[in-house]
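Following: one structure in structure tokens, then a few remarks.
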């Protein structure tokens with residue numbers, strides 16, 4: 001056997017080495033070849049810069065034909081669901097990113113109806129995945145379940161509005177919520193910290209379940225542990241988005257130009273944009289796992305229970321019909337038996353009358 005042929009196999013002369021230590025590399029290659037899927041929902045009132053932030057996060061334009069509605073249109077406007085999918089490739093790794101936007105949220109006078117549209121969409125994706133998972137061909141299931149929801153909070157209030165509380169409580173058992181303070185450049189650093197604390201206190205007060213970053217494993221390096229600690233401390237993330245390149249300190253940066261200076265989007269000293277993007281990228285797998293193991297399983301269990309109750313009710317109805325038919329048969333049999341008994345009595349009575357008359361004669 002030639003040397004080239006021998007190199008195709010695990011070297012038998014390596015003591016104590018079987019070769020399954022290479023399995024993670026196989027999984028990695030397979031995952032890279034298949035690509036990744038992720039669905040991000042963005043919810044918040046109009047004018048908070050949601051579209052700009054999403055374009056900034058992924059360096060792409062997901063809304064090239066978006067038209068901003070006027071004030072008159074907003075009054076009559078109902079919430080819509082707009083899903084945009086884009087294929088992003090970076091260093092050979094493909095990501096199929098779907099961003100679900102909800103234009104019209106919070107614009108109507110009665111905002112309760114907008115909850116139903118968004119909740120129905122989340123449930124529909126669960127229902128579709130359950131249907132595909134239960135089918136015969138399960139090799140190419142497209143996962144459109146909502147893995148994460150960026151909920152945008154206005155920086156102009158003093159915390160959460162009643163609408164914010166009601167909506168987050170309505171969806172927190174269905175999707176991973178990441179609270180985001182929009183337009184952080186309208187706040188001073190002290191105002192930003194006060195608003196963050198106020199929002200966290202209100203989230204705890206109202207028992208709202210937001211996405212909690214998992215603790216770093218003990219065997220992780222110190223840099224990753226410190227990164228995890230900083231990300232946790234930054235929730236809710238206060239962000240600035242911009243698609244404009246401006247010159248600052250002799251270099252081109254994405255940011256916003258003001259008379260008093262420049263706010264750089266990707267400067268961690270100016271806002272939490274980089275932290276938000278780092279959180280999303282480094283915890284994308286965990287967000288998918290929580291969606292699968294917690295939110296989807298809860299939906300699936302409830303759905304199967306409802307289906308089970310439906311089947312049980314159908315069985316009960318069938319049993320009831322059988323019992324009614326059996327009762328009807330018994331009534332008919334009893335009626336026939338009574339008729340036969342009456343006929344028998346009549347026959348016996350006729351014979352008796354003949355015997356009596358014969359004695360008198």
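Cβ from N, Cα, C; glycine included.
According to Swiss-Prot, the feature GTP binding site maps to 44-51, 78, 104, 183-191, 241, 256, an assignment based on similarity to another entry. Taking the Cβ of residue 188 (GTP binding site) as reference, no residue of its chain lies under 8 Å away while being at least six apart in sequence.
Feature annotation from Swiss-Prot assigns domain 'Septin-type G' to 34-306; the stated evidence is sequence analysis.
Per Swiss-Prot, phosphotyrosine is recorded for 17 (among others), and the stated evidence type is similarity to another entry.
Residues or ranges marked as N6-acetyllysine in Swiss-Prot (evidence: similarity to another entry): 190. A sphere of 10 angstroms centred on the C-beta of residue 190 (N6-acetyllysine) encloses 8 other C-beta atoms.
According to Swiss-Prot, the phosphotyrosine annotation covers 211 (among others). Sequence-distant contacts of residue 211 (phosphotyrosine), defined as residues of its own chain at least six apart whose C-beta falls under 8 angstroms from its C-beta, comprise 148, 176, 177, 178, 287, 290. According to DSSP, residue 211 (phosphotyrosine) is assigned to coil rather than to any helix or strand.
Annotated phosphoserine per Swiss-Prot: 218, in sequence order. The Cβ neighbour count for residue 218 (phosphoserine), using a 10 Å radius and every protein chain shown, is 6.
Per Swiss-Prot, region 'G1 motif' is recorded for 44-51, and the stated evidence type is sequence analysis.
Among the features that Swiss-Prot reports, region 'G3 motif' is placed at 101-104. When averaged over the region 'G3 motif' (101-104), pLDDT in the model lands at 87.
Annotation comment: Swiss-Prot describes 182-185 as region 'G4 motif', evidence class sequence analysis. For the region 'G4 motif' (182-185), same-chain residues at least 6 beyond its ends with a Cβ under 8 Å from one of its own Cβ atoms are 44, 48-50, 53, 152-155, 192, 238-240, 256, 258, 263, 270-272.
Its own atom aside, the Cβ of residue 156 (site 'Important for dimerization') has 11 Cβ atoms within 10 angstroms in the protein chains shown. The feature site 'Important for dimerization' is assigned by Swiss-Prot to 156.
Straight-line distance linking the Cα atoms of residue 50 (GTP binding site) and residue 156 (site 'Important for dimerization'), rounded to a whole number, equals 16 Å. With respect to their backbone Cα atoms, residue 218 (phosphoserine) and residue 191 (GTP binding site) stand 35 Å from each other. Residue pair residue 156 (site 'Important for dimerization') / residue 191 (GTP binding site) shows a Cα separation of 11 Å. With helix defined as DSSP H, G or I and strand as E or B, the region 'G4 motif' (182-185) counts 2 helix, 0 strand, 2 coil.
The C-beta environment of residue 191 (GTP binding site), restricted to residues of the same chain at least 6 apart in sequence and closer than 8 Å, is empty. Counting residue by residue with DSSP, the region 'G3 motif' (101-104) contains 0 helix, 1 strand, 3 coil.
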